[in-house]
Amino acid sequence: MPPTPTTPAATGAAAAVTPEHARPHRMVRFNPRSDRFHTLSFHHVEFWCADAASAAGRFAFALGAPLAARSDLSTGNSAHASQLLRSGSLAFLFTAPYANGCDAATASLPSFSADAARRFSADHGIAVRSVALRVADAAEAFRASRRRGARPAFAPVDLGRGFAFAEVELYGDVVLRFVSHPDGTDVPFLPGFEGVTNPDAVDYGLTRFDHVVGNVPELAPAAAYIAGFTGFHEFAEFTAEDVGTTESGLNSVVLANNSEGVLLPLNEPVHGTKRRSQIQTFLEHHGGPGVQHIAVASSDVLRTLRKMRARSAMGGFDFLPPPLPKYYEGVRRLAGDVLSEAQIKECQELGVLVDRDDQGVLLQIFTKPVGDRPTLFLEMIQRIGCMEKDERGEEYQKGGCGGFGKGNFSELFKSIEDYEKSLEAKQSAAVQGS
């Protein structure tokens, strides 16, 4: 793992940087600690899909995240099949409905609706249904959210074993789920799930969710709604001028909880550009607002990428094309005091992007869409630096260390634009040939 940076971004070797990296980040350093309820961390992200075993199997293979728990016919659940993948504190849940007429009372997820799940899959393909937060008290989080204008999705329920569960609407058909449970519980996930042991499981080094990004038609009302009922504060903002290309752009804001360990960025499309915004493309193919991408943190993203790329051609995930070699000359000037020459060369070989703010360094890479539609994708990420100590003297990393890749947005946008252009060219050729 690369060492922690010892010099600020604006001094030393990092002072001479490429123009893209030279532009200042609009990072909001003031933390008002304004949460409406005590939010501890991400708990899980749930996908609704047509077949849980198939979807979970592909993600497990691609990410090196083994099956950790299940709830299905084998556990007495005839309403839905759910499979949980886990790596570190990272938890991906995949849920699919069984046939019509099954006993809804056997569901381990109390808010599950087979009819709604079928509509969801038909409307969105494989997509995120629930962004779940671990909170101190799910019932209180629900009540506090409702008092501040949150639209209810599922009222609080006691699951037993000290677990509580509730949901409010987030954006589109996505819900924000509240889960509370005692520390040190021996329940493998939620009551009703059975643990799965796999002594031969692989480990690619994935540790946790870093952030979960939503695409919406209009940023201001969506951000005001979510910030209003959660109390989450603005952590960063970007505009089309900051992060677009000459052909398209977006506006974005990042919301964060008190600890800044839960980060919820939101994007909106910019209209009137040469090309249709990539955010608008998402909204059209997804069928409305939804989760655009999930950033997954790694303790060593270069190792993680070597493992993942080895499986790309065998059913794993594909990655966006790497930037041109000249990009990495800028990386040497930007982060050569933190990354060794061997590490920079490996970043170039693997297509990893590098950025830096005044507190830390960011390594990131993006997959191509993981389903049939050009919508949901993943980001693999490593943050370097920003280490602090809590009141117990234990070291931890500040949330959002190294920023959100503002210096790489133009590179990312160009890569996605090229990918979309290739799809459009093939569609045009197919139409002309018909």
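Keep in mind that glycine also has a Cβ here, set from the backbone N, Cα and C atoms.
Positions annotated as Fe cation binding site by Swiss-Prot: His211, His293, Glu379. Marked as compositional bias 'Low complexity' by Swiss-Prot: 7-19. Annotation source Swiss-Prot lists domain 'VOC 1' at 41-192. According to Swiss-Prot, the feature domain 'VOC 2' maps to 208-368. The region 'Disordered' annotation in Swiss-Prot covers 1-21.
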Which same-chain residues, if any, lie at least 6 apart from Glu379 (Fe cation binding site) yet have Cβ under 8 Å of it:
Asp210, His293, Ile294, Ala295, Val296, Gln364, Ile365, Phe366, Thr367
As a test of reading the model: what is the averaged pLDDT for the domain 'VOC 2' (208-368)?
93
Using all protein chains in view, find how many other C-beta atoms are within 10 Å of the C-beta of His211 (Fe cation binding site).
24
If you take the centroid of the Cβ atoms of His211, His293, Glu379, the listed Fe cation site, which other residues of that chain have their Cβ within 8 Å of it?
Asp210, Val212, Val213, Pro265, Gln292, Ile294, Ala295, Val296, Phe366, Leu378, Ile381
